[in-house]
Structures are given as C-alpha cells and as structure tokens.
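S.K.: My questions will all concern the structure given below.
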Amino acid sequence: MADITLTGEVRDEFGKGAARRMRVANLIPATVYAGGAEPSFIKLPAKETTLALRHTNALFEIKFGNESKMAVVKDIQRNPVKRTVEHVDFYEVKAGEKIVVDVPVFVEGTPKGAAVAFVDIQEMSIKADVANLPEKIVVSVDGLVDGDKVLVKDVVLPEGSELAMEDLEEPVVTLSVPEGEGEAEEAEAPAADAE
C-alpha cells in the first residue's frame, strides 16, 4: 500500500553533535509523530531517504526496530547552502484516513495568441485518502486568451480528492500578454495592410 519503504534504526543520541555524527555516517535523523502518542526518533540511510523525498506527497512505510509505520512527510530541514537533507519529520497515518496536503500546480497546454499563463497559486490544499495522494494538479490553458482566469472552483482535481480551500473565486492561473507583445502585433498589422 505504501509508495516507498525506508528501513532505519531507533536513535538514542540527540542534539547537534549527535546529528552531525549521523550525517557524517550517511544517516539522516528523523522523527515520526503519531497524534497524541510519543514520537519515534529514528535514523535513516541518507541516499535512499534523499531520493525518496523527491516524490511529493508520497506515502512511506517506515521500518525500525520491531515497528513499521505508515507516514507522510510533515517537514524537511535542509542545509541552507548545500541543500542537503538534515532532518525529516514524518506524520503517522492510518489506512483509509483522509488528510489535507498541499499539492503543486502545473500548467499544460497552449493559450491562443501571445497570451502567457502566470501561476498565481503555486500549491493548492486538497483533502485525499492517504493511499491516493496526488503528486501534482494539472491546469490546462489550451485555447484560453488574454484576460482569462482559471479559478480555484474551476480546477479539475485528481480522482478521490476534494478542495480544502475557502476562497473558491481565487485565480489559480491568469493569462495575459506581456507588455510590448500586443503592441508589436498591432504595429505589424498596418504594415501588412499598406502593401
């Protein structure tokens, strides 16, 4: 059921020095939060974890000690210069549970004329089953023209997902002609008529 399985170990050292030693040993410190229960403190293999974190909203099976937990990423701490993963927080979920996640918006298609699509909302909040969390929301701009807007309420969501946003009239994508583009086309039109 999980998208990705990570196998780690329980960690018993805490603090900056311990975290530094783990990273030198190619391990990433992590925490698995479980509602009101005590969190689990673990260390995961750096390479596998870094590759796994490339997947947006993936469902993880995290194995450590005698335990196995289903979880989603809650937070990733990265080195501000190298951008390497320094710590990961996971949130334990149960099968069949619906959670709210932020999903990145991608634009596809070609608008008419010189119109260009500008993404106003980079991520949309949606509620979905943990087993069916989408990695992206695709907004089509095929055939749209200058001045058109795709509003939150107009976005086609992935199957099994529902909106978790309040302002349904907020634009997700706005189409407009960059300054100078429309004027250049108008200048070319009279020149063609003169011939």
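Including glycine, each Cβ sits where the backbone N, Cα and C put it.
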S.K.: Of the residue ranges 7-27, 49-69, 175-195, which one carries the region 'Disordered' annotation in TrEMBL?
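M.R.: Of the candidate stretches, TrEMBL labels 175-195 as region 'Disordered'.
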S.K.: Using DSSP, how many residues in the domain 'Large ribosomal subunit protein bL25 beta' (98-178) fall into helix, strand and coil?
M.R.: 6 helix, 37 strand, 38 coil
S.K.: Kindly report the helix/strand/coil residue split of the domain 'Large ribosomal subunit protein bL25 L25' (6-90) according to DSSP, in that order.
M.R.: 16 helix, 45 strand, 24 coil
